[in-house]
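Quick look at what TrEMBL lists:
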- 1-23: region 'Disordered' (REGION)
- 27-442: domain 'Major facilitator superfamily (MFS) profile' (DOMAIN)
- 35-58: transmembrane segment (TRANSMEM)
- 70-92: transmembrane segment (TRANSMEM)
- 98-120: transmembrane segment (TRANSMEM)
- 127-150: transmembrane segment (TRANSMEM)
- 198-218: transmembrane segment (TRANSMEM)
- 246-270: transmembrane segment (TRANSMEM)
- 282-300: transmembrane segment (TRANSMEM)
- 312-329: transmembrane segment (TRANSMEM)
- 336-358: transmembrane segment (TRANSMEM)
- 378-399: transmembrane segment (TRANSMEM)
- 420-440: transmembrane segment (TRANSMEM)
- 446-466: transmembrane segment (TRANSMEM)
Amino acid sequence: MCVSMSLSTTLSDSQATSSQEPTTVEKLRGLPWSIFSNAANTVFAQFTFFGSVFVLFLSDLGMSKAQIGFLLSLLPFSGLVALFIAPAVARFGYKRTYITFFTLRKFITAGLLLTPWVLSRYGRETMVLYVTLIVAGFALARAVAETGVYPWIQEYIPNSVRGKYSATNSIYTTLTGLLAVGVAGFTLGYFSGLTGYMVLIAAGVFFGLLSAWAATFIPGGAPDRSPGRQASLMRDMLATLRDANFLRYLMGAALITLGTVPMGSFLPLFMQEQVGLAASHIVLIQSGTLVGTLLSSLAWGWAADRYGSKPVMISGLTLKLLLPVAWFLMPRHSPLSLPVALGIAVVVGISDIGWAIGAGRLLFVSVVPPDKKMAYMAVHYAWVGVVGGLSQLAGGWLLSLSANLQGQVAGFTLDPYTPLFALAFILLLGCLWLLLGMRADNVYGVGQFAGMFFRGNPFLAVNALVRYYAARDERAAVSVTERLGQAKSPLAVDELLTALRDPRFNVRFEAIISIARMPPEDRLIQALIDVLNGTELALGGVAAWALGRMGDPRAIEPLHAALDSPYHSIRAHAARALGALHDTSAVPILLARLPVEQDKGLQMAYASALGNIRAREALEPILKLMYATQNEGARLELALSVARITGDEHTFVQLVRQMRDDPGTAAAQALAAFRRRLQRLRSGPEAELAALEAAEGAFARGHLHEGAQRLAALLHQLPSTWFEEHGGQVLAECARRLEESGESRQEYLLLALHLLPLSLTPP
């Protein structure tokens, strides 16, 4: 009585509010109450109609599988009433309808507590009729309540957090469910006969009423009493039959329901009869499902909000395909039976919550228009109810037909449940094929979504994502941003984009460097282009460098535009980036600017870019710039550009490293390699070989100046026709400069040693 009065008072207060939709702040404030209500209702569900407890209760009452299937079918079949009561529910109010009938069904459930008395007083047939009436009454009240709750759910959960809400709700309900399953298993093991079931049902009713009380604090769900609403609802319900995407969704829901509901409903009996598990162990198997749900809820919810509903839904459905095969192949009457069953149950939990979050979000966000939610939800609920009821009947009927199936084929055990598993696999496969064609809100395709977990290092990425949101200061944020780039995983893209907009300069700087490590991706490329074209000069040049490092041709056009930037640093980085991209279309621009440019940094950038592009026409201006440049490091970079155009970058860099450690020996070894090649390609150049051996000997003794002079003389002595044209051009320049400066201009010595063997041509 007190509970009813409290509910009525709260309800009347809430319905007195405006019929306008609640604000987002009000919705967010109500979500914890929704989660609390769902958690309390989980206890009710596990202890009464929706867990293994109820199936085992009916079995212990002596009911046949067909009778159990019939009773279970009443729950979904009652959903048909949604088609007829939808207008009345809208007028009465979604919230008021839900809470009224949600509360009523708990009192109806309390009638199950009289079952042992009815059985002992009036016999089995009357007891079956009594339980049937209780289940039917509960099913009807449930159907009316859920006709109101689905439009209400679409209203009070903001789409922006729908996946996160689903995941959080799943975690709390799963933890509650784990506790409930543990209590149920202990209770059934402790009490004998029907006493344990009565204790659980009584506790379930209490938690059910607590759930109804909590739901009164959720906003929204006001009555819709607009004129002509009833006729409009009927028209809208008929219009749903012309919505191809909605019909595809309904067909997919039908296939997965027909495939999984019978298998799930009769799984406790399969475990008891074929696998040989005790009732208390069968109830504990649900804990495996709940653990799988708990472990994966946040990941599925996060993925649904970020990447869209469809990839999550299809991923969950694909996992479900494995389950019939796994149940069929599991060991029976073995010490391994329970551990294996628990392991499979974990996968069940992972797949169930993936499907539930993906399909539920898809329904509310992409399939059902918000302005027609009552009509669409009524049709959806009625359809799912009909299919769910048929699935229960079909499951019981199929088990009755295959009751005598026993034997082995190719070492596999056949039993009455084998057709159930086979049907589930076939229907799930059909569902997968059908739903792949759904229109949805997904940012990525299903294949792209799956591929994210096979590109880069997804484990490092996930670890970095968690650390990113936990970073408390700039140093930590910079460090974790670096790790995001090191993961090279598409999973880190959104966080890198967020870091690029961080108010802390060092985090933004690190974000650009980290993005440069990533595989090319549309949003990352565009973000770098935006920074390049922005007003933050300190980052614009770094963004140009990053675009060059990523190597994506989409960066070429904005980099060309950046060549005309008023800022030298951006022009220099843009030129170098175009060189890194090997953009031959930039050669005329760079070639025209190099001889006339006065800024040393830009001169170096243009020359380096032309070297990277391997522009042979740039050899002469680069050689002139190298001769005029005073900085030793800059001259070495220019020599590398020449080597890229006429020789081989890798061997040149190796020679540079060798010359730093022991220049004399390195030079002598390089000349020895050239001598062997010369002897192989040109027979009888006695004078040239003698001059070559003299230079080689001078370098070997560590006489660098003498060696450089002898090498210059050798270069003058060697016929130009022996060398490739551009290589010969560079060698002639090296001869002049070595003769002039000796070993002090090491870049000429390096180029000569590098190009002599590479430019030598056969006669």
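Heads up, the Cβ atoms here are built off N, Cα and C, so glycines get one too.
Values in this document were obtained by computation on a predicted structure and should not be read as measured data.
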Exercise. Could you tell me whether the transmembrane segment (282-300) and the transmembrane segment (446-466) have 3+ CB pairs under 8 A, leaving out pairs under 6 positions apart?
Key: no
Quiz item: Quick one: do the transmembrane segment (312-329) and the transmembrane segment (246-270) have at least 3 Cβ pairs under 8 Å, skipping pairs fewer than 6 apart in sequence?
Solution: yes
Quiz item: Which of 35-58, 70-92, 98-120, 246-270, 420-440 has the most Cβ pairs closer than 8 Å to the transmembrane segment (127-150)?
Solution: 98-120
Practice problem: Determine which residues of the chain contact the transmembrane segment (282-300) at the Cβ level, with the cut-off under 8 Å and only residues 6 or more beyond its ends counted. | Solution: 46, 51-53, 56, 163, 166-168, 170-171, 174-175, 177-178, 181-182, 184-185, 188, 268, 271-272, 312, 316, 338, 341-354, 357-358
Quiz item: Taking the transmembrane segment (35-58) as the reference, which of 70-92, 98-120, 198-218, 246-270, 420-440 gives the largest number of Cβ pairs under 8 angstroms?
Solution: 198-218
Practice problem: May I ask you to check whether the transmembrane segment (198-218) and the transmembrane segment (98-120) make contact, with contact taken as at least three Cβ pairs under 8 Å and only pairs 6 or more apart in sequence counted? | Solution: yes
Quiz item: Hey, which bits of the same chain come close to the transmembrane segment (420-440), Cβ under 8 Å, at least six residues off its ends?
Solution: 245, 248-249, 251-252, 255-256, 258-260, 262-263, 266, 308-310, 313-314, 317-318, 320-321, 323-325, 327-328, 362, 366, 395, 398-399, 402, 446
